[in-house]
Each structure stands twice: as structure tokens, then as C-alpha cells.
Amino acid sequence: MAEYNRVSECVGLITLRNPPVNALSAAVRQGIVDTVQRALSDPNVKSVVICGQNGIFCGGADIKEFRSNMTGPPLIPMIHAIESANKPVVAAIEGSALGGGLELALGCHYRIAHSKARLGLPEVSLGLLPAAGGSQRLPRLIGVPAALNLITTGRHVTAAEALQLGIVDQVTDHNTVAAAVKFALSVAGRSLDPRRISTHPCPQQPDLDALFEEVMQKVRQSARGAIAPIACVQAVRAAATLPYAQGMERERELMATLFTSGQARALQYCFFAERAVGRWRMPSGARWDTSKPRPVHKAAVIGLGTMGRGITVALAQTGLSVIAVETQEKQLMEAKQAISGMLERGAKGRGVAPALDGVIYSQNIQAVADVDLVIEAVFEDIALKTKVFQQLSAVCKPGTLLCTNTSALDVDQLASETPNPELVVGMHFFAPAHVMKLLEVVYGPRSSPQAVATAMQLGKKMGKASVAVGNCRGFVGNRMLKPYIEEAFFLLEEGATPELVDQALEEFGFPMGVFRMSDLSGLDVGWRVRKGDGLVEPGTASGRSARIRQGRRYSPLGDLLCEEGRFGQKTGRGWYQYDKPGSRVARFDPWLHSFLGAYRAQHGLVARRIDHQEVLERCLYALINEGFHILDDGIAAGPEDIDVIYVSGYGWPRHRGGPMFYANMVGLAKVLERLEHYQQLHPEVPHLQPSSLLRRLVASGSPPIHKWGEAIKKLHSQL
Ligand SMILES: CCCCCCCCCCCCC[C@H](O)CC(=O)SCCNC(=O)CCNC(=O)[C@H](O)C(C)(C)COP(=O)(O)OP(=O)(O)OC[C@H]1O[C@@H](n2cnc3c(N)ncnc32)[C@H](O)[C@@H]1OP(=O)(O)O
Ligand SMILES: NC(=O)c1ccc[n+]([C@@H]2O[C@H](COP(=O)([O-])OP(=O)(O)OC[C@H]3O[C@@H](n4cnc5c(N)ncnc54)[C@H](O)[C@@H]3O)[C@@H](O)[C@H]2O)c1
């Protein structure tokens, strides 16, 4: 709703009231229409101020309404009525003015912002465009290049940048509403014609065609199949080339296409999923809202290799004091230099001072005695980690949380070796840890709810998409990756090439296909794991039996490449070749292709033609199938958890919503049918055997994804 008051005798003050972000729901829109009408018809009112309650102007259209039959007054005429008013209307912007919120402000004649406010048109990240006139007014106000930048990226700008761009007229450090009321009084009676943005021509731009061509090319490249950024460019082009009314018509047409697209549904699902994972729950019944986190002011990182360095940077950038421990003196010195460099570069990018003094380096584990939380990142070796955890238990003050960054070891086993297993959780960061958004918080049956709550809260503070997951081999992300990679290997055996597989996955929207990704992260990582699992066999045995290991189909292709010293980018050779070790540009490698030919001949495999659809179905459905096992096992609390993990940590294209959302879009019955089809063709591949949860969901009528939680509970209770 919107509340109306008369202040300073002759200013009508309209306050948007719809917690938590004053989204423009039907009731709010109705409230605005009514109160604007009231202010305009009151002869005592000379000017009007619109603000939002609780320090936030407006978070935009109510996204929850998009999936229902929208009722109430539409936004466009509402904003038009404000712009056409014969009394000045001033937007008082505190907190955020985003999407429809900024469009509302652009309909006002003046905008006053608090210095801490953030403004933007982030619709593109929801698969939409600013369709309440934003795509037409913003270019008229700030010019085509700046508007293109804001609308195609959806980035939020600070009040200072908004002032510089000309989006706002004044910035204040004081009470924004009071400043706006004062301003409204000062402009009462002035001509409003120059203040109606829709009547402005778009500022002239030399070589408009060249500009749009260049921007469109860039946007297409970075969109990786997302359609909204392209529609945003088209809408701004309409603003630059058409009269306002025709531009609005174009904006409406483009929005109609986007609004009903699967991509908009996927992106809006991601928006809510990212918030839903914060409301974590454990099978024990412990939950986010009943578990109080402990305060963490001081943390320690043990082991300053690749991961420990990034974790130290992430903690220090969050404002924590960090004790960074490394046993090897040389490693410690190198780490100090690397961490300082990362902190300096990060601070430069954000225009702040580097938190160099926030980190204390030590070779002695005793230095961590008074920290609130420790993150261990030593070598992936259970004996070493156990020793470190026992040392930590002896050294740290009572109650210190002990976290491990292990990627594959058993968190429960580690916990059970300490006197206080309830204080142990996994904090699984991804490399580079100060950059990657994802954090898996791994709880075991003995982890206390408080420990989970503390790790989740710290993750959030670090700006990570933090997802609480149960303990199992590979946790959620890496567990699902295993069948995906294995299918890619099998496809090579059957006739595909790394180029074909990668192209199919990159056209789907992954930034890198599985083989380019494997070259980047290093083929030796998986080799070491397979060796540890007893899967790697020496020798040149041939035929089908040589490719059945531990009772299931196995492809030794990755092992054979490693035996050749082909570890990927770091050695200049892997699934592709590189100009030199460390180079990033993957090139076709004739050696690899003759190697594949010889391998197939040795094993009696006849190459067949494999198309993109088979690549996608086998790699992605195998991964999704594992996701259903994970849900069935209770390792992830819901499909949103899996989807957030894949979108924020594994490059799953956001406009496809994550693997479980994708399965829901494709149709569960279709996924099941294709898995059954491939399972019949490859009976020795267990990961193609459809999960029993998938079967049961299909049998129960394939409920939509938001009902899976209920369905899973019901199905489990029937077991
Ligand atoms: C048949 C064809 C018809 C075609 C034509 C149809 C035309 C329809 C007319 C459309 C007109 C277009 C209007 C406009 O251009 C479109 C929009 O405005 S889209 C919305 C744009 N806004 C945003 O993207 C902002 C989203 N929000 C945020 O970024 C953040 O929430 C925030 C505002 C910066 C605040 O951040 P925080 O303080 O961290 O809080 P949270 O993020 O945790 O949010 C708290 C809580 O609020 C919920 N929420 C936030 N924003 C919205 C919103 N806009 N609508 C609904 N709900 C919102 C959020 O989900 C949290 O709740 P929870 O999920 O935790 O329950
Ligand atoms: N590298 C990745 O991509 C990645 C991603 C996620 C998780 N992990 C996990 O993170 C952990 C660390 O991996 P990494 O890649 O950073 O390893 P790394 O080999 O780069 O670094 C490990 C560091 O630990 C130090 N160390 C060994 N014993 C120590 C001790 N007792 N006290 C203090 N320091 C000690 C070593 O000197 C070394 O500097 C592993 O458990 C790994 O599985 C790695």
C-alpha cells in the first residue's frame, strides 16, 4: 500500500509500504494511483514527494506476482500519470531504487538520493528488460552508451555515480525525505516541461549503427545463449531511433517475448533459490531460524597453498583478523607475498585500503589459541588432517569451530578424531577461494546446529552463496560431476572428440566444456583420486574386459593422458594443446586424435557419429540423475540447494536455472525415458540407471519443482 500525509503545509508525502523492499505489488500500485490523485487534486498541495518506508525506496515490480494473473493498476500508465502531473513530484531515494522502483523515480520530475543509496535496472538478471518505460527514459536521460551499460548488465550504481551520470539531481548525507521535501518546496511552481524525460529526444550519438553493432556483438558473446541482454540492446536501440510512443510499443513487444520465456522463469527461480538456501535445515530437524550462530571476529587458516591463500584473502576482506599458519618457511614467505598482492589488487578494484594488517603470519600452530574459528586447508591426506585437528583441539580455546576445506575426505571421520565432534564442519571453498561464489557447508550427524549456523553466517558475510549439505563422497557438487565426466570419457571412446563434446556443452551455455575445464583444473587431480580408489591399472590390456573395473564400465583415457605427462594447461598438453605450459588458448591437437583412433582400434571400438543431443542427454541427465540420488539420500535439502551449487560453482548457465530446474523444464518423464534408453544401451554403467526418486516422482504425476519437497516427504513416509 501507499500512505499519504501532508507535510510542511503544502507538500504531499507518499510513502510506499510493502516490507521488506516495498515491491510494487498490486496493492502498492493501487495505493500510488490513489495517493497521487489525492495530492494532485488537493489545492493546498504545491508539490509531491514519494519515498519508501524503512530506509528503502523500492525494490521494483513484485517478482512473485509474475507467475500469477496480474491484477491492479498497470505500472506504465501509473508512471505516465506522475510524469504528466502539473505539480512537481520528487523521488526521495534511500536504500535501493531498482527495476520498476527506478522506473517510478524516472517518471518523477526530480530525484534526490541518499549517499548510501544504490540504483539500477537489474531486470536483465531476471530474464526481462525494464518494461515500465525504463528502457526508453534512461537513454533519453543519460545517453545511449551509459544506458546500454546499465541496462544490459543490470549493475547497481552508487548515488555518487548516479549523480555523475545525471540519474539523480542531488545527493544528501542527511535525512533524504527532509531534503526532498525542502527541494520540492523550492521547485514548486516551476515549469515542468523540461523535467518530463519521455518528452526529451535521445542525446545525439555519432555513428549509432556502429555503436549498436559493437555492443550487440559483445553482448551476444557474453550472454552465452541468454536472450534478455539481446532484447535489452534492441529496446535501447528503439529509444535511440524511434519517437517515445513507438519506442514504448517496441519495449512492450520485447517484454512480452521475454516475460513468457523459460529463461525468465529460470532466472527468477534462481533469484528465489539463492535466498531459499539461506533457510537451511538438517535432517535432525535443526534449522536456520532456531540455530543461533556464534560471533566470529578472529579466524585462522592452516595451510597456505592454493586454497589457504584465497581463503585468507576472503576472510581478511570481510574484515576479520586472520592468523595464517604454514609450516614451511619458504611457503610462508611466498604465501605472504601472494596474499598481500591479492589483497592490494582487490582493494584497488573496490577503491578501499587493503586489509594487510588484518593478517598475521605464523609457522606455529600455537598462534591460533584465541581464534573463534579455524579453516584447515593442508594437503588432502586424512592422516595429516587428523593430526592437525588433534593439535587444534588441544591449542584452541573451548568452543572454537574447526572447519575443513577437504574436497573429498570424510568430514565425520575427521570429526570423530576430535574431542568435540559437534564443533566440526566442512567449509568447502572453490578455487580461487576469494573469487568463486560458492561455499558448501558440510555437516555430519554430530555437527551442532550452532556450528552450521556459524559457518553459514560467515559464508554469507564473505559474500558466498552458502549451501548447507550433508556429508558424502564429493558432497553435492563433485558427486554430481563424476558421472558427467565419466559420460564424456565414454563418448570419446564411442567416437566423439573433445571438440564436439565441448562445443555441445558450450552451446548449452557452460563457459567451458568438460574437456577444456579439465585441462584448466589439471588432469592429474582426477588421476590421483582414481589411483586412490584403486581404479588405475598399469599396462596396455585391451578389449572390453580391460574397461570394466570394480564391476562397472571404466574409461582409462584420462589415466593414459596423465601417463604421457599431459596434465592440461599447466604442462601445455592435455585434451588440447597449448602454445606453452600455462597458456590458456586451447588448440586442436592432431596427436590426441590419432591417440583416440589407436585407442579405439586397440579396444575393438568402432567410432560412430555422435550428435550434440546425445552429448547433452548423456552428460547432463547422468549428472541430474545423481542429483535425484542426492535428494533421495537427504544430502541436499531441496532442488534449490543443488541448483544454487551448480549455478554459482560449476558454470551451469543461470538462464537454465540449474540442473534440477532444467529437468523440471524438460519434463521428468522425458528425463526418465532417456535415461532408461541409455541404460539399456549401456547396462554396465550404473549412473545411467534412473534413480528411484525420479521414478517415484514420475509415477506420482511429475509434480512441479516447487512441490518436490512435499512429494519427497510423502514418498519417504510411504517407504
Ligand atoms: C503475456 C505477456 C505479458 C507481457 C507483459 C507483462 C508486463 C508486466 C509488467 C512488468 C513491468 C515491468 C516492471 C519492471 O521493469 C520489472 C521489475 O521491476 S523486475 C524487479 C527488479 N528488481 C530487482 O531485481 C531487485 C530484486 N531485489 C534485490 O536485488 C534485493 O532484494 C534488494 C532490493 C537489493 C534487497 O536486498 P536484501 O536486503 O539483501 O534482501 P533480500 O534480497 O534478501 O530480499 C528480502 C526479501 O524480499 C524479496 N524481494 C526482494 N525484491 C523483491 C521483488 N522485487 N519482488 C518480490 N520480492 C522481492 C526477496 O525474495 C526476499 O524474500 P525471500 O525470498 O527471502 O522470502
Ligand atoms: N585446489 C583446489 O582446487 C581445491 C578446491 C577445493 C578444496 N581443496 C582442498 O583444499 C585443501 C588444500 O588444497 P590446496 O590445493 O590448497 O593444497 P596445496 O598443496 O596447494 O597447499 C597445502 C598447503 O598446506 C601446507 N601444509 C601441509 N601440512 C601443514 C601443516 N601441518 N600445517 C600448516 N600447513 C601445512 C603445505 O605446505 C601447503 O602449502 C585440500 O584438502 C584440498 O582437497 C582444493
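Backbone N, Cα and C define each Cβ position, glycine as well.
Noted in TrEMBL for the protein shown:
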DOMAIN    298-471  domain '3-hydroxyacyl-CoA dehydrogenase NAD binding'
DOMAIN    474-578  domain '3-hydroxyacyl-CoA dehydrogenase C-terminal'
DOMAIN    615-701  domain '3-hydroxyacyl-CoA dehydrogenase C-terminal'
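Mean pLDDT, taken over the domain '3-hydroxyacyl-CoA dehydrogenase C-terminal' (615-701), works out to 97 on the 0 to 100 scale. Using DSSP to sort the residues of the domain '3-hydroxyacyl-CoA dehydrogenase C-terminal' (474-578) gives these counts of helix, strand and coil: 61 helix, 7 strand, 37 coil.
DSSP places the residues of the domain '3-hydroxyacyl-CoA dehydrogenase C-terminal' (615-701) in helix, strand and coil in these numbers: 66 helix, 0 strand, 21 coil.
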